[in-house]
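Asks: Input: one structure, supplied below.
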Amino acid sequence: MLIFPLINDTSRKIIHIDMDAFFASVEERDNPSLKGKPVIIGSDPRKTGGRGVVSTCNYEARKFGVHSAMSSKEAYERCPQAIFISGNYQKYRQVGMEVRDIFKKYTDLVEPMSIDEAYLDVTENKMGIKSAVKLAKMIQYDIWNDVHLTCSAGISYNKFLAKLASDFEKPKGLTLILPDQAQDFLKPLPIEKFHGVGKRSVEKLHALGVYTGEDLLSLSEISLIDMFGRFGYDLYRKARGINASPVKPDRVRKSIGSEKTYGKLLYNEADIKAEISKNVQRVVASLEKNKKVGKTIVLKVRYADFETLTKRMTLEEYTQDFQIIDQVAKAIFDTLEESVFGIRLLGVTVTTLENEHEAIYLDF
């Protein structure tokens, strides 16, 4: 018996656009000499005493096992010939807005998930074109022609499947999952590839002998809800390719943060980083409590002279993992110029939030 009715609307046409290695691709576009070389966006460990973290990297660097949130030191060890670029996030945001303007030519139902990806509902669209595949190809062409960057497109009847489709073939991919193809696509898929299924849920499912979509399909809704609570309801539907979540235009992103003002100024690096970790602990606790994950980490520092600095780093993957957020926040601190003034305030904030079980986890 189903606790919640199965409603599977297969009439929608949803496109998920994911820019290919976005930050690194922008750098390659603006500096053609980088093409064909491994490029890492992050602090160069040779200039920071081994400190720093990878924000993202291009596909050449990924061949060496480099990935987002890896320490810059490990990335260098894996790929010593890589070119490290600190990143220009203002430029990336501007390019991201240019891409978003292209989306708006086709539909107003655009839901940005981050600076480099978005869902588009093209069931009804400004072009009056019925084929979502044709629209996706037109969008890819416009992005290449206007912004000189490539993207991958996933097309299906809901957001869950459209995202899986865009991940299926990268870069420059275009994958369509029709309603009668969903089960064949999902059955062999490793459970960790189901976006919205985090590391702890994967471990719990593996312990139950669930490794693929087909394994998940064999479990009843009641048993999944018993084991996972409300998330069991979502898992039951994911296994069947069901997702009723609408495309929400320009959804406002909130943030979760923690900051503290110190009566006694902080000067010692070890003390400062210990306080950063305390802020991160509070942020992670709040993320877990609110079942949120995020992909942009912001560090705020206020000195004794009241100069306030705010710097951020955006990762490719959503996270609520303490170690990743802590490592990134400290890596941001390492990029700040030393000040003769002590620190009176430290803050850590995670933005670009998504519900834990709707978030995207990498990798018609």
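Glycine is treated like the rest: Cβ placed from N, Cα and C.
Fair warning: this is a prediction, and the values are worked out from it, not measured in the lab.
The annotation domain 'UmuC' is assigned in Swiss-Prot to 14-198. Per Swiss-Prot, the feature Mg(2+) binding site maps to Asp18, Asp116. Under the heading site 'Substrate discrimination', Swiss-Prot lists Phe23, citing sequence analysis as support. For Glu117, the entry in Swiss-Prot reads active site, with the evidence type sequence analysis.
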Asks: What is the total of other Cβ atoms whose distance to the Cβ of Asp116 (Mg(2+) binding site) is within 10 Å?
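Replies: Asp116 (Mg(2+) binding site) is surrounded by 24 other Cβ atoms within 10 Å.
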Asks: Look up Phe23 (site 'Substrate discrimination') in the DSSP assignment and reduce it to helix, strand or coil.
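Replies: In three-state terms, Phe23 (site 'Substrate discrimination') counts as helix.
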Asks: Can you tell me how far the Cα of Asp116 (Mg(2+) binding site) sits from the Cα of Phe23 (site 'Substrate discrimination'), in Å?
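Replies: Pair distance, Cα basis, whole Å: 9 Å.
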Asks: Give the number of CB atoms, excluding that of Phe23 (site 'Substrate discrimination') itself, located within 10 Å of its CB.
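Replies: Excluding its own Cβ, Phe23 (site 'Substrate discrimination') sees 27 Cβ atoms within 10 Å.
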Asks: Which Cβ among the recorded positions (Asp18, Glu117) has the fewest C-beta neighbours inside 10 Å?
Replies: Glu117
